[in-house]
Amino acid sequence: MLKNVKNKLIKYFPWIVLILGLLIYGATLFNGFVWDDEEQVVNNLAIRSLSNIPYLFTQSTFNTGGAAGMGGMYYKPMMPFFFTLIYQFSGLNAWGYHLVQVLIHLANAYLIYLILKRFIKPHWAALAGLLFLAHPGNVESVAYISGLQDVLFMFFGLLAFFWVGKKQSLTEKDWLVIFSFLLLSILSKETGVLFLLALPAYFIWFKKSALRPYFLYLSLLVCLYLILRFGMAGVGLNENKLSPIMLASLPERLITLPKIIFYYLRLFFWPFSLAISQHWVVKQISWSEFFLPLLIDGLFFLGLAAFCSKQKSRLLWFFGSLLLIGLGIHSQLVPLDMTVSERWVYFPLFAWLAMVMILLDRKNIKSEFGLAVILIVITIFSVRSFWRTLDWRDGLTLYLQDEPRAAGNFDFENNLGVYLYRAGQYDRAQQHYLKSTIIAPHWWTNWNNLGVTYQAQGKSALARQAYLKAINNGDYYLAYENYATLLLKQKKYDKLRHFLENRALPRFPYNQSLNQIYQYIQQQDAD
């Protein structure tokens, strides 16, 4: 019976991936836009025309409300490129974006199978692919449209990895294909650098003759990327310090590190307490916040190293190195925009599952019990992932569901306020905006939204102060629009004209709302 199950698993694996993937993620086709999707897709005029595609590689990804080009702190042009293609058949209907994202995730699961079956028995490789497909830690990467960057960088990186293993000797054509995929990976998300680090590790362990040509082509890729990012797009390194982890000192980030690593290890083994928007920093050394996570992390990695040494397996050491670099790049030694994120487990999970399956393959486990346990885990993961996709059906559902685990985070409080305001719960929305401004007085979006609630209550002076705070904090285009609209309603035309001519329109020359207001006051002057 066991042999029959293995044979069917291998024979029908593509169909199993397709059917199981659609069972888990099919509900996302009915989900809407949430979180950053509004600025990345809904309000992003740049993705609405194929003629804009060349310009997508000369800027960042966020809608800027009429400034010259898109803004943001990251350079990932492949994401808006895909959004542009999807827009041509889906428009602003979210189903098309979700469909493409789900299909790429399914392709990633299949690529993991193709890669691993070169090293281990096919049925273990297939189980690794199914575990990756069904793991609840990956739901955010698949169900969140603005998380397309994660499935994309993984897709192109896995293609490069797959191509490397096709031949023992690589030709110039092979190198061209490999580095094309690597370039597309890093243009999908900066985290694609993980594959640039993974391949030399692979060559060291399995194909040392490829190291020299690899670094030659790598130098060309790095030069091309630097020209695109810094020369053409002008997107520098991240200088916006918004999140608590960005504002934290290096010593604070170091004492937060054990808890960060423990978060991802827990997510590997127990992916059931899920939440977005995680912002926390360990300020003081304590047993629960520092020593206990450090002890667990230390025991895990020491045990892993001891096991790899005992097994004398180059494969285990290789994928162990991928696990380390995958976790290390998200360890906050270089601060990121959140402390931890479920999306960031996408690459390390691949490395971890590969190690587990290599272990099972080397132990030559044949019992039906072992296979049954893994299939039960896949089933449990599938059910949990399916239920988690339902949380993503709309913004209010997602934020209310995650509130017990994410409340108190500056952007979470603001975004929950947005969805409550749209649901007509104005007082509750204002409370969350106020919380956000207290937690992050240096931000701008929360002040703008607070100003909207003040203006709705007729508190014009407070609204004006909030809008100006948002403008001074971060040049937020909606704050410019709202402040101009407030001055227009108050018929303060001289002040409005001065604001538009000297501050707003020079900053946002293509903003339709600001230009319409300016045309209106010019007509008033003419009359």
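Glycine is treated like the rest: Cβ placed from N, Cα and C.
Straight from TrEMBL, the features:
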type	residues	note
DOMAIN	77-227	domain 'Glycosyltransferase RgtA/B/C/D-like'
TRANSMEM	12-34	transmembrane segment
TRANSMEM	95-116	transmembrane segment
TRANSMEM	145-164	transmembrane segment
TRANSMEM	176-202	transmembrane segment
TRANSMEM	214-239	transmembrane segment
TRANSMEM	260-278	transmembrane segment
TRANSMEM	290-308	transmembrane segment
TRANSMEM	315-333	transmembrane segment
TRANSMEM	345-362	transmembrane segment
TRANSMEM	369-387	transmembrane segment
Average pLDDT across the domain 'Glycosyltransferase RgtA/B/C/D-like' (77-227), rounded to a whole number: 94
Among the ranges 12-34, 145-164, 260-278, 315-333, the one whose Cβ pairs under 8 Å to the transmembrane segment (345-362) are most numerous: 315-333
Criterion met for the transmembrane segment (12-34) and the transmembrane segment (315-333) (at least three Cβ pairs under 8 Å): no
